[in-house]
Structure formats: C-alpha cells, structure tokens
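Visitor: Encoded as structure tokens, here's the structure I'll be asking about.
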Amino acid sequence: MVAPAPAKERIQALKELINNYDYAYYVVNNPLVPDSEYDRLIRELQALEENYPELITLDSPTQRVGAKPVKSLGEIKHEIPMLSLNNAFHEGELADFHRRVKTRLGIERVDYAAEPKLDGLAVSLLYQDGVLVQGATRGDGITGEDITHNIRTIPTVSLRLRGEKIPSLLEVRGEVYMPRQGFEQFNREQIAKGEKPFVNPRNAAAGSLRQLDPRITANRPLALFCYGVGQVEGGILPDRHSEILFQLKQWGLRILPYSEVVEELAGCEKYYQHLLDLRDKLPYEIDGVVFKVDYLDQQQILGSLARAPRWALAYKFPAQEELTQILDIEVQVGRTGALTPVARLQPVFVGGVTVSKATLHNEGEIQRKDIRIGDTVYVRRAGDVIPEIVKVIMERRLPDSRPFQMPRQCPVCGSEIVKEEGGAVARCSGGLYCPAQRKEAIKHFAGRRAMDINGLGDKLVEQLTKQGLLKDVADLYGLTKEQLAGLERMGQKSATNLINAIQQSKHTTLPRFLYALGIREVGEATAQVLAKEFGSLEALASVSEERLQQVTDIGPIVAAHIAAFFRQPHNRQIIQGLQKAGVCWPEVEDKVQIVQPLLGRTFVLTGTLESMTREQAKERLQALGGKVNGSVSPHTDYLIIGANPGSKLVKARNLGITILDETYFRNFLDDTSFP
C-alpha cells in the first residue's frame, strides 16, 4: 500500500517538530512543551510509522532503540586519527606549553579555547547529509569499535542535524559520560538486583557503550557532549575552534558548558582555578581542563606528534587516586546491626581533601580484593563520595601480613555475630540492647519521614545517649526541659522547642510509626501496605510469617524480619512504653472500605513540585493505592515531574513511560482518572 501524501507530510512535520523540541530541551536547556505533549507527538508518530513502515527513516525519533542485538562489535578506522592529549600537572608545565606555542608561532599573544576535561569515553559520530550513520569509540586512535547501535539510544545524541549549510559529511567528536546522579542511582539498582556495581562513572559509560544489545544501553543514564570535529567534506567550517563549537550547537549538538576563549597564560590559570572550584558542584565528573590554540591556521603551523597535537594541552586536577597504607581495619556497627569494616589510612591528600578512612563494604569485598592491614593501596575519592580502596599493590605487601577476619562478637556490645545464609552482611544479634544500634535507631525514629521530631539532630542524639538520658526511643518522651537545657549548645528556648516537637510527634499515623520502629527491610511503602492489610499494630504483631507472606510485595525474607522483630520481648516493651507515653494514631479504616483507584499502578517523582512537597505527593498517591518507587524501571507506570527534573526523565522517555507534569498530576489527583 502506497502511503498517502497527507501521511507523508504529517510524519515529516512530526519528525521536525520533535527534533526541534529535543534541541530546545537538550542543547539550549529551554523546554518548549510539557512532557505530556511531547509524549503525545511521539505516540502519534509511532502510530503513523506502524501503519506505513516504508516511511520509517534512520533519523526518526522513534528509532533510537530500533536496532537488533549484534553478535560482536566491528572495527572502524578513523580517517583522521583521534589523538591523545599531552598532560600537565602543575603550573610550570602549563607555562612551558605556553612558551613553546608562542616561540613556534613567533607571536606575542595567544588565544586559547578553554574547555572542561570530561571524564568519559571519547567517541566519533559520522553524519551524512545531516543524518547520523555511524558511531565509533576512539580505540587506539587509529581504529575504534562500531557502537552505532548503542550511540543512537543516547537521548542527547542528535539523529539528524538541524539548520543550514551542513557539510555533506561531518565527523563530530565528543565524550559520552554518565552523570553523577544517574551513576549513583544506577549503582543502587545494580546492588538491589544483586549485581556488581561499577567503580566509577567512566567505567559505567564505557561498559554501557560496549553492549551488544542496544536495549541494555538504552536503560543506562548516558549523555554526550561534543568537543570538536574530524573529517569534513562538502562544507566550510569557521576558522576558529571556539566558533566551530558554536556552529555545532547551532546544528543541534550539545557542547560543554563553561567553554570559553581565554588570553595568554594568566587567562589559562584563572580558568583552571575557576573550574577547579566548580568541580564537585558539576552534575558530571571532570578531571581537568583542556586548552587548545583557538585559530586553526595556528594549529596547522604547530602540527602534531605521533601521539598528541602540539596545539593542545590537558591540565589535570589534583589526583583523586593516591597511594597510601592501611594502618588498621576497624569494624563499625550500623542501625540494623550491620557490621561495616573501615580501613584506617595513613592520611593522604586526594582530590582536594585529606583522607584518613575508606569503606571496605563487607567481608566478601575484603576477600575479593585481598585487603590486609599494612598493605599499600590506591585510594579513590570523587566529589562527596566516601573514599574507597581501589586495589592493593601486591609488590609492597609485608611478608608477615595476614588475611582479615571479621570478629565473632560485636565490637560494641559483645553479642554474637550472625550472617544469613547466602548473605554478604554480618550483623550484631544484640538488637536495641546494642548501644551502636540504639543510637542509630533513635536517629531513624526521629527522622522527617518517621516521627518527624524537628530539632533532634545527630549530634544531640550523640550527647543524649552518651550521658545515659536515652536508652531507647521511648525515653524521648520522658525528657525534660531541664535535662535538655544543660546540654552543650542547648539553651532554654531550644529545649522548649524540642520538647514541643517531641509532644507534637505523639500524634502520628500507623504507617509512619511502623516505619519509625526501624524493622529491617520495612521502608515507607511496606509500612503503608502492612497498615492497610492488618489495620492495627496489635493485629500485625501477632501474625505468623506464613500470613505475612500472603501480603502483596512481602516475601519470605521481609516476613521473617517482621515476625522476628515482634517476637523480641525488648521491642514489645519499647512499643508499650511509647504507647504509655501517649504516642497514638487514628484508627485505620477497614481495608474493604478503602477506595484505592490507583491500586496496582507504580509512580516515580522527580524535580520540585510547587503545590506540594514530594513527600506530600507520595502520601497522596499511596493513600489512593499507588506504589511510589525511588527509581524509574520498566515496571514504572508514570513519572511525575516538577521543576528541574533529573536523569529519571531521560530514562522514562527511553522506556516510553507516561510522563505527567504538575498541572496534569493535580487534575488527576482530583478525579483519579489516570490515563
């Protein structure tokens, strides 16, 4: 069947419209339409292409994840080599580079194009007549791997260039990376699935691009920034690197923010310091800055060596990996009794701070890396991430070193250490008797999403437990103003405010109270389910594990934790103490009478809502039977977005999940007629 002219025209119009919206959203950071309208256009285009498959083209926005898995990654030869950059690590090396440039050019002043040095994976994108036809890794600079099927899945990669005077053949070079937020969320999901997390965003990006199945890559939070060009045919580009970047942006490609032209050595030094100050505030990792002689004719005069051009330099930031020695391995006890080994290090300056400790996660991780006291190790720190041991330098291992063993008794209370079959985490069996667990349990109990006791911060809890004023959470309701006023940094006014907050917290809800108790594996959503299912604390406390397993989303492990908690006499005593102190909640309605129009639907929230907090939105959805998760997955039904949404929005679009802005969300809450 020949497609009618109106269908052809509408498909072309939709592709142009969607590509324009993508440009506004990803390149100039200025969304033009609500996501609901964007999704409607995508669905319309998909429907038309299903009816007229002969009209599907490579540049269609619907074809990002259209390729089939490949058996292996082919090789692609770079017509113009993708060279490395020479590195500088201190001001003297930067000054030497600047002096060599001026001497070779025989000029008094040099303009440099200055750019952040993104810590990702270098790639080449080939456009023919404005359409993306090929993607390749840098490889060894001469030959890379064919990743066309994967590069197309990245939302920030333009499938078709826009604008005028686009060369018939244009090779664009850039860096694929994984934003910090996306990386952290992705690793949390990996751990939750029992899979190995990535060490850093760069490794995550590289591993994602080398997948054989593009559907896997499409589910990874990847993005791209462009930093230059390679092969160009059938067109003319500007004669300055900075202007080429501007032209790439006009054609619909993303370039790095903070790219600018600086003058002379002083301009380079000022730019370096500015980016160093910004480093940990950026949503992506950078490991330095790059300076390129801006004028192309000057670049040609300077030429290149076999490995790197003479006209560019990477000025690296202070190392975020350094060598140091493990002085000792200490074991910390958390709120749930989990034992976490921590390496005490010879202090070392890493990534702008002095590091003296690093997490070792668990006994299995120590054994996998064969970490021992006295070892010389590489320690890494990136942004605000807790420092960690990367690897051991075996050549420097002491001859009398011994493998580390977890203690058999809790280092805090002396209780027996237990480890579940097949589990990685060792735990103290002391429960709330253990001072370490007690302290963390009180902090959790007072948290904003639990009993919401405003003013009871971590340091105050430390003081109260240290002085013996708090032995368990029930003791909170027996505190007096006189006791509080005598503490460090606590006057009469602060004491009065805290007492008032404690009194206000007595009136709560059953789901909040259950969550506040800190039962293992019982988060906010599970607490909601339990409250609705059993209706009262007494009913829940008396049920068997078998009955608990009949509840939606409650498996055997969670059921065992709940039953074990209520079997513990000490926990029952604490609950009785809380109720005796006046902690109460309204009766939960009979579950049969509760209207839950959103039952079975899963929601994720992102961004800042204007009409309510995300916590309030979550509670309203849960009250209507909806399930609210923290991350987007193929099981998500709706993503609700506020201002400044994060990487969840990109992932939701890739997965075809329905996206609702705040206006739609409020309307749907009123009549609960979700699409």
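Including glycine, each Cβ sits where the backbone N, Cα and C put it.
Copying in the features that Swiss-Prot gives for the protein in this structure:
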| type | residues | note |
| --- | --- | --- |
| BINDING | D35, S36, E37, Y38, D39, S84, L85, E115, R138, E175, K292, K316 | NAD(+) binding site |
| ACT_SITE | K117 | active site, N6-AMP-lysine intermediate |
| BINDING | C410, C413, C428, C434 | Zn(2+) binding site |
| DOMAIN | 593-675 | domain 'BRCT' |
Visitor: Which of the binding-site residues D39, K292, C410, C428, C434 has its Cα closest in space to the Cα of K117 (active site, N6-AMP-lysine intermediate)?
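Guide: Looking at Cα distances from K117 (active site, N6-AMP-lysine intermediate), the smallest one goes to K292.
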Visitor: Between E37, D39, which of the binding-site residues has the fewest other CB atoms within 10 angstroms in the structure shown?
Guide: E37
Visitor: Of C410, C428, C434, which is closest to D39 (NAD(+) binding site) if I measure between C-alpha atoms? They're all binding-site residues.
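Guide: Given the candidates C410, C428, C434, the nearest one is C428.
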Visitor: Take the domain 'BRCT' (593-675) and average the pLDDT across it for me.
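Guide: So the average pLDDT across the domain 'BRCT' (593-675) works out to 77.
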Visitor: Can you grab the distance from E37 (NAD(+) binding site) over to C413 (Zn(2+) binding site)? Cα atoms, rounded to a whole Å.
Guide: 59
Visitor: So, three-state DSSP: helix, strand or coil for C428 (Zn(2+) binding site)?
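Guide: Reduced to three states, the DSSP call for C428 (Zn(2+) binding site) is strand.
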Visitor: Please list, in sequence order, the residues in the chain of C410 (Zn(2+) binding site) that are at least six apart in sequence and whose C-beta is under 8 Å away from its C-beta.
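Guide: Listed in sequence order, they are V333, G337, L339, E416, I417, C428, S429, G430, C434, A436.
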Visitor: Using a 10 Å radius around each Cβ and counting other Cβ atoms from all shown chains, which of the binding-site residues L85, C413, C428, C434 yields the largest count?
Guide: C428
Visitor: Looking only at the domain 'BRCT' (593-675), how are its residues distributed among DSSP helix, strand and coil?
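Guide: Counting residues by DSSP class gives 29 helix, 17 strand, 37 coil.
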Visitor: Please report the number of other Cβ atoms within 10 Å of the Cβ of the residue listed as 'active site, N6-AMP-lysine intermediate'.
Guide: 22
Visitor: Cβ-Cβ under 8 Å from K292 (NAD(+) binding site), same chain, 6 or more residues apart: which ones?
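Guide: Within the chain, K292 (NAD(+) binding site) has Cβ neighbours under 8 Å at Y112, A113, E115, H241, Q299, W311, A312.
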Visitor: Excluding near sequence neighbours, so keeping only residues 6 or more apart in the same chain, what lies with its CB under 8 A of R138 (NAD(+) binding site)?
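Guide: Those within reach of R138 (NAD(+) binding site), by Cβ under 8 Å and sequence separation of 6 or more, are H78, M82, L121, A122, V123, S124, G144.
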Visitor: Using Cα coordinates, what distance in whole Å links L85 (NAD(+) binding site) and C413 (Zn(2+) binding site)?
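Guide: C413 (Zn(2+) binding site) has its Cα 55 Å from the Cα of L85 (NAD(+) binding site).
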Visitor: Let me know the DSSP-derived helix, strand or coil state of K117 (active site, N6-AMP-lysine intermediate), please.
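Guide: The three-state answer is strand.
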